[in-house]
Amino acid sequence: MGVPCGLFAATNASRRASTCRRSCSELERLIRERFHAGSLSPDDALNLFDELLPQARPASLGAINLLLTVVSRGPSSSSVRDGPTLAVSLFNRMAREGNKNVVLNLCTHSIIIGCFCRMGRLDLGFAAFGKILKAGWQVNAITFTNLLRSLCAEKKISEAMDIVLRRMPELGCTPNVFCYTILLKGLCDKKESQEALKLLYMMVDNAGSCPPNVVSYSTVVHGFFKEGEFEKAYSLFQKMLDEGISPNVVIYSSMIDGLCKAQATDRAEEVLQQMLDKGKLEDAIRMLNKMSRDGPKPDVVTYTLVIDYLCKNGRLKEARRAFDSMVQKGLKPNGITYGTLINTYASKGDLVDMDDLFNLMVADGIAPDHHVFNILIHAYAKLQMLDQAMFIFTNMRHQGLKPDVVSYATVIGGLCKAGRVDDAMSQFKQMANKAEELTFEMLDRGIQPNVVYFNTIISNMCQEGRVMEARHAFDLMVHVGVTPDVITYNALIDGYSLDGKMDEAFQNRMIDEGLALFKEMLGKDVKATAVTYNIMLQGLFQAGRTPAAKELYSRMVDSGIQFNTVTYSIVLGGLCENGFIDEALAMFQGLLSKNIELNIVTFNTMVDALFKCGQSKAAMDLFAAIPSHGMVPNVVTYNIVMVNLINEGLLEESDNLILSMEKSGCAPDSRMLNAVVRRLLLGGEMSRAAAYLCKCDEKKISLEASTASLLISIISKGNWWSSKVTKIFLEFIEFKGRHEDVQLLKNLKRSKVRRFIVQKLALFGGFGHEFKYCILLEIIEPRELHLQNGKRYL
């Protein structure tokens, strides 16, 4: 099998559309999808316009209007220097030579009016508006907005007012809040805020046909502040609140800044308190700075604001100093102050300071609330300190606080995670039963679990390979009326893939369950994400069901979901692992030609595939070309190349490669060194194997069970050639059946041993050591799914 020419060279291939003619309906669908996804650039819009116009039909006008919108509003590029001018040119082209099946409508002309206004040609904008009236179309408020905005920008406020108050009603068009707000801003810019206020009150009194919104009020408030009318601004702000309109960040900032400049710090602090009540603490930091310069000394509210701001920005030590300073000045921290710091300590894993501050809070006479207790429970459960978490949970009840949904979810999630402890299945079952008991306790108390609660349980169970229990939780979730979301489905589908790493029949049954769940998810209008498809693709490829995986990949392409490098790596890796290397190479070449961003995992997959199909030179060329693609080989890359060089007998090249690797700052890890040692041992290269064993010893790297087993096998057969090599081997495998030796074997970090048996055998002779026991290893792959360098390994 040959390698396609130019496969590994950087490419500057054009991103223009395929020469294959696409149908009108296909183009319309593509335009709509990319427009709503925000992925349609002005350059792409031009290309699609050229392709669609000759074959356009009446129904194509909506798509054409979207293309005109993108071109007119898009940023400048190599081919689009002036978007509005170019959009007008396309409009004229349609009118001059376009398909007669396409009749331009009100929306099209409104887009062109906006283009003329942005070009500074208000006269042409009104000319286009005249064509709309001449055509007899019923105009709407949107048609007027660009004209009004341009009139106000040119200080022609009276003309704009005449349009809104007289001409629009005459044409049967009711002005909307955007039209009025344009007028309000125009008046305030001319320093006529009092006139703007009259117009605002007219909106309020106009029988509710067009009531002002928060932007309308904010515009006039800001205008009053600019004119020094602070009392009027404050009164209008209060009227806005009385009208039931919630302030936004803009008007809060304007009020705080303006009141502080007027030395009205008491009123500024009232606004600050309103922000705190609304949870807008970060925006209120401006108020703190103003008060420090112009107003009274900060109080507990101000200090709490500072502490929260510092904590959210990772400055915990400064936050604690602010807390201590507040206490030294005689200010008593409140529950929010304590809760903010306790939460930050917990998130950092600093349990000692967390406990100390909690005890100080209790000693200060402040009763912890649900929030504080939940922080403590979560902190302990996160570190699987379940005894402490359950103690806090129980203590919470003793304090008279009934656990809420967050409390239950945190405790149950921790109980589920505790099942990761080896040889503790009975303990896990007890904890799983306790988790179920707490769930029903919640329901009995009338606490409705939410989707986050169930997602936590289902995800934890699936990660432990307990997919059947997870499915039971899923069914309970539906039964109690909680609707699963895409995260729920992703976790459970992934669980079926995890649990599927058994015999072939069982694996396929699990994959079928995952597929059925995937179809159920789509049938319930839960939109699949790239993560969903990646999980399904990974499972199908691992089960050897390549045709089904390719079909799913095609569906993913048709769905318009944005791909990521993980998707490409899964597909390329799956094709290679299942023998479809030609397809993988062709796909890889296509990705390079389209300048699609790839990562080192993708390159590692292709290097390995080339080696496996006997194309060593091409593999080495691709390895050498990795830096030209803006990437740096990682330890996995070197591992692939190193092992294959040894397989081909290129031992000096392999030695040079590892030296080059270390010089580049990439240190070999346990996985790589164990793989190299095994390849050398299998090839009879005992001296080199001994050298790499020494390297393992220097780096304090434990041998994997498969490496240790191979060493035992070689020595037991007498395959050693020197006392030096024998001594090195014995340092790694000496085992006399002592308790500490058994524990050492159990604690091998990289061990893949499910069980081991120690048997007494006859003494081995000639080793210089007595071996009274032989280790029998049953080696398996781990059930848990690990993510290493972006690639999944089962």
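Each Cβ is built from the backbone N, Cα and C atoms, and glycine gets one as well.
Annotations in TrEMBL come from automatic prediction, not curation.
Over the repeat 'PPR' (176-211), the average per-residue pLDDT in this prediction is 86. Here TrEMBL flags 176-211 (among others) as repeat 'PPR'.
What TrEMBL records for 213-247 (among others) is repeat 'PPR'. Tertiary neighbourhood of the repeat 'PPR' (213-247): same-chain residues 177, 180-181, 184-185, 187-189, 191, 193, 196-197, 200, 203-204, 254-255, 257-259, 261-262, 264, 267, 271, 274, 278, selected by CB-CB distance under 8 Å and a gap of 6+ residues from either end.
Residues annotated as repeat 'PPR' in TrEMBL: 248-282 (among others).
The repeat 'PPR' feature in TrEMBL is assigned to 299-333 (among others).
Sequence-distant contacts of the repeat 'PPR' (334-368) (same chain, at least 6 residues past either end, Cβ-Cβ under 8 Å): 300, 303-304, 307-308, 311, 316, 319-320, 323, 326, 375-376, 378-380, 382-383, 399. If you look up TrEMBL, you'll see 334-368 (among others) marked as repeat 'PPR'.
Annotated repeat 'PPR' per TrEMBL: 369-403 (among others), in sequence order.
Residues or ranges marked as repeat 'PPR' in TrEMBL: 404-438 (among others).
The repeat 'PPR' annotation in TrEMBL covers 450-484 (among others).
The repeat 'PPR' feature in TrEMBL is assigned to 529-563 (among others). Within its own chain, the repeat 'PPR' (529-563) has Cβ neighbours under 8 Å at 33-34, 37, 39, 486, 489-490, 493-494, 496-497, 500-501, 504, 507-508, 511, 514-515, 518, 521, 570-571, 573-575, 577-578, 580, 792, 794, counting only residues six or more beyond its boundaries.
The feature repeat 'PPR' is assigned by TrEMBL to 564-598 (among others).
Sequence annotations record features per position, and here TrEMBL assigns repeat 'PPR' to 599-633 (among others).
Annotation comment: TrEMBL describes 634-668 (among others) as repeat 'PPR'.
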Checklist entry - Looking only at the repeat 'PPR' (564-598), what are its DSSP counts of helix, strand and coil residues? => result 26 helix, 0 strand, 9 coil
